[in-house]
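Peer 1: Before I ask anything, here is the structure I am working with.
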Amino acid sequence: MGVGRRMKKQGAPAALGEAHFAALKKRKAGGEVTFDDEGKAPKQDKKRKTTTQEKEKPAKKQVKETVKEKPNGIEVNAVTKKPNGKVAAKAKVEAAAPATKKPSKKAPIPMDDDEEDESDIPDDEFEDLDDLEDEDGDEPMGDDFMGESDEGSEVYDSDEAHEKAMFSEDEDVSDAEERLTAANIAGLSRKLDEQKAIEDAEAQAELEEAALQTNIAGDRPKVLPGEDDEEVDQSTLLAPDLQLLRTRITDNVRVLDDFHNLAEEGRSRAEYVAQLLKDICAYYGYSPYLAEKLFNLFPPREAFAFFEANETSRPIVIRTNTLRTHRRELAQTLINRGVTLEPVGKWSKVGLQVFESQVPLGATPEYLAGHYILQAASSFLPVMALAPQEHERVLDMASAPGGKTTHMSALMKNTGVIFANDSNKSRSKGLIGNIHRLGCKNTIVCNYDAREFPKVMGGFDRVLLDAPCSGTGVIAKDASIKTNKSERDFMQLPHLQKQLILCAIDSVDHASKTGGYLVYSTCSVTVEENEAVVQYALQKRPNVKLVETGLTFGVPGFTAYMGKKFDSKLKMTRRFYPHAYNVDGFFVAKFKKTGPSTNTTTKDKPDTQAVQNGEEMDVDNKTPIMTEDEEERAAAGGADFGGFDENEDEAYIEKATRRRLRKKGLDPKGVLNKPKADKQEKSDETNGAASKETTAESSPKPAAKSDKADKKQAKQQKSEAKTQPETEKKAQAEIKSASKPEKGEKVVSQQRSKTVTTDAPTAVAKAKSKAKSKTKTKA
Ligand SMILES: C[S@@+](CC[C@H](N)C(=O)[O-])C[C@H]1O[C@@H](n2cnc3c(N)ncnc32)[C@H](O)[C@@H]1O
């Protein structure tokens, strides 16, 4: 499908410039920046257009230009955490905000229309927008359905919304939206603009001053301690001198930017980098290990921006549940409740960014009725990339608490079926809660270690693997990540992720008529958890290829890192950074499966061997012959970067296994020294504990896992060697007959899955325990 006109126009969130970080500095020093409360109307509102202006093209263009200049990045959108932990908008809404004002029917909120909306909105008031969409001639939702979503708006004017739009051929939805009303947004927007202008001016002055100082003296910033200087290690101080540290960090960044001219004579770049890392650890509170890992991802100046962005919260975003409502309706209702919001950006049709709220967003009647879910903007991205279609069969391998599952369900309009799996039972409860609240009727919850797929079932049209990860993209949300991730985590997590991705690939039906896609995503920015995992998958499964994500923003993935080379196609993957887009750090890769993974090609006959063998699994000969490119990457690629180093991993894995066994009250010596211990299962267990999520799940131990230990012991019985596969097969058959809906049988599958949403886990568990008791009896 070609890229639609709207898609081309769809803007990415603006990058955060130096001005922003200079402004942050100001905020740090001087406290939170807020707007005055006076609510005085400015003399001239550059966003507000008069009727005359509206009719005059040149005037309108001028306004549009102003709009383009306005960054929709953090300056405008950022919310700050108050000391009491509450999130407050940077700006207060002026008196004009219609918290108590009943919205006029003729003044709809300028939201993007969802597809769902387009087909069934009866209100006359939306006619203009709908007509416009037709004029735009967008293609229907396809794989890259984002091409359609373009109706977000950055400019609002309550005055003009009452007028009938006068659209011409060259006007687009944004034009229309500019003329639509949102009284509360107008006020807020104006204030934010004013604030932004002040911040920009201050930042500029500061930069100029800094540059001037450097030039005047012709000197080089003193960053490194001299021989005679008594060095104080700030990181060891109870109260490090933050001002000193910050100045030294910015000076150091400047030197590294222009090393030739600014470095002190006789000093090496490595010395500067070492000092910078030390200061970053002391100033931001990172462990040296993680600081270096993150620092290495960027040039020094960008690394600084990244660390800075991790100090501020990302905007609060809610996702409209289009199974229950439309975004405009939701926005209007929430505005009536005193919520200040606006569309999250042109790239999403369902996101609303919340600036301020008079009510707890997790307890409004609309929330309870499932009209929306609180969800970080970047969490929309993997689902948008996967683009699940109606009537498809989809697997969400690691789905709790269900933000992405419920999004997919809405995109599929409650048709087809989604298997929402998560290995963590307690997290699965949240998943089930969300599924019910949001009215997802095409979803079946299951509770497996995802590495059991496709043994449990395979043949999916699309698979989402939102993998457990270190969370280095969400440090702003969880500062403990700064210190609690060790080298071991970055060994074990990629190991688990690599196992999971192979299972995900093997669960996709390459012959799917509508799909055959896998999306791999993490909320981490490290290369080990992202590109290296993708590279590994490409190497191990030549029957997949990377395809474009269809996302309109994001930085291309690394094709080379720290001297190692990845497949050139890795540039098709996307990285999202807090400092670049004001969203959580994220990684998204989309694969298309081009051939069968195993000897079994039908979904009814998943290859159990594939899972048992883990990454050692052989690829069927029928897979496409490798291209030169592929051969090259197989020869040169990930083996030396990010591949499994079983020996190295072994020690960590074994240690963790012992600990887990001891927790369970088992004697590690007894269990581990038994002959023919199942190596794969052992490493599975260990790795399952490595992620943030699984760490949380490890205590108390889910029943399923202790069952696994029983199973493991039982497996070691010789007599069971033959009976095991049989019972497993029977269990699978029972599971399938209990839960697998017929593709295409819409009514049946909906009815069945409705029951199964609550009953599927029970059915699956029953089948499992039946199989297990058989196993035990025989043993
Ligand atoms: C990043 S979270 C998923 C978030 C979810 N996709 C959403 O959007 O709400 C990763 C999930 O992986 C689950 N997990 C960890 N190890 C797993 C495994 N081996 N199999 C299945 N799920 C696993 C964790 O319990 C956690 O819920």
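Just so you know, glycine gets a Cβ as well, placed from its N, Cα and C.
Heads up, TrEMBL stuff is auto-annotated, nobody curated it.
So TrEMBL lists the following for this protein:
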{"type": "ACT_SITE", "residues": "Cys523", "note": "active site, nucleophile"}
{"type": "BINDING", "residues": "Ala398, Ser399, Ala400, Pro401, Gly402, Gly403, Lys404, Asp422, Asp449, Asp466", "note": "S-adenosyl-L-methionine binding site"}
{"type": "COMPBIAS", "residues": "51-72", "note": "compositional bias 'Basic and acidic residues'"}
{"type": "COMPBIAS", "residues": "86-110", "note": "compositional bias 'Low complexity'"}
{"type": "COMPBIAS", "residues": "111-158", "note": "compositional bias 'Acidic residues'"}
{"type": "COMPBIAS", "residues": "675-685", "note": "compositional bias 'Basic and acidic residues'"}
{"type": "COMPBIAS", "residues": "704-746", "note": "compositional bias 'Basic and acidic residues'"}
{"type": "COMPBIAS", "residues": "748-760", "note": "compositional bias 'Polar residues'"}
{"type": "COMPBIAS", "residues": "767-779", "note": "compositional bias 'Basic residues'"}
{"type": "DOMAIN", "residues": "306-594", "note": "domain 'SAM-dependent MTase RsmB/NOP-type'"}
{"type": "REGION", "residues": "29-175", "note": "region 'Disordered'"}
{"type": "REGION", "residues": "596-779", "note": "region 'Disordered'"}
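How buried are the listed features, and what sits near them?
Peer 2: There are 25 other Cβ atoms within 10 Å of the Cβ belonging to Cys523 (active site, nucleophile).
Of all the Cβ atoms in the protein chains shown, 27 others lie within 10 Å of the Cβ of Asp449 (S-adenosyl-L-methionine binding site).
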Peer 1: Does Gly402 (S-adenosyl-L-methionine binding site) have same-chain partners at least 6 apart in sequence with Cβ under 8 Å from its own Cβ, and which are they?
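Peer 2: Residues satisfying the criterion: Ala420, Gly430, Leu431, Asn434, Ile435.
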Peer 1: Take the C-alpha atoms of Cys523 (active site, nucleophile) and Lys404 (S-adenosyl-L-methionine binding site) and report the distance between them in angstrom, rounded.
Peer 2: 13
Peer 1: Does anything in the same chain, at least 6 positions from Lys404 (S-adenosyl-L-methionine binding site), have a Cβ under 8 Å from its Cβ, and if so what?
Peer 2: Ser379, Pro382, Val383, Asp396, Leu464, Asp466
Peer 1: So if I draw a 10 Å sphere around the Cβ of Ala400 (S-adenosyl-L-methionine binding site), how many other Cβ atoms end up inside it?
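Peer 2: 26, counting other Cβ atoms within 10 Å of Ala400 (S-adenosyl-L-methionine binding site).
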Peer 1: Three states by DSSP: which one describes Lys404 (S-adenosyl-L-methionine binding site)?
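Peer 2: The three-state answer is helix.
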Peer 1: Please report the number of other Cβ atoms within 10 Å of the Cβ of Ala398 (S-adenosyl-L-methionine binding site).
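Peer 2: Counting Cβ neighbours of Ala398 (S-adenosyl-L-methionine binding site) within 10 Å gives 25.
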